[in-house]
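Feature list (source: Swiss-Prot):
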SIGNAL    1-7  signal peptide
DOMAIN    9-73  domain 'LCN-type CS-alpha/beta'
DISULFID  19-72  disulfide bond
DISULFID  23-45  disulfide bond
DISULFID  31-55  disulfide bond
DISULFID  35-57  disulfide bond
């Protein structure tokens, strides 16, 4: 068992209140910026996904909130 190593997962990054970062252009760099600023390897705009059009991050650290089932409370 390794200590001091954080695990990561691929997921929708969440704003406060369980809302996704909305996006509208699959080729924009917006989501990659949001994801990498939060420690992910990369990110992109997932169109028509489970929670609509939202930023999907690759290898997002476990300490960063992700979109979970339930309502987005704006």
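Along the chain as shown, the residues are counted starting at 1.
Backbone N, Cα and C define each Cβ position, glycine as well.
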So of all those disulfide-bonded residues, 31, 35, 45, 55, 57, which one's Cα sits nearest to residue 19 (disulfide bond)? 55
Looking only at 19, 23, 35, 45, 55, which of these disulfide-bonded residues has the biggest number of Cβ atoms within 10 Å around its Cβ? 55
Please count the residues of the domain 'LCN-type CS-alpha/beta' (9-73) that DSSP assigns to helix (H, G, I), strand (E, B) and coil. 8 helix, 29 strand, 28 coil
Rounding to whole Å, the Cα atoms of residue 72 (disulfide bond) and residue 23 (disulfide bond) are apart by 16
Counting only residues 6+ apart in the same chain, whose Cβ is under 8 Å from the Cβ of residue 57 (disulfide bond)? 10, 11, 12, 13, 31, 34, 35, 38, 40, 42, 43, 64
Mind telling me which of the disulfide-bonded residues 31, 72 has the densest Cβ neighbourhood, counting other Cβ atoms within 10 Å? 31
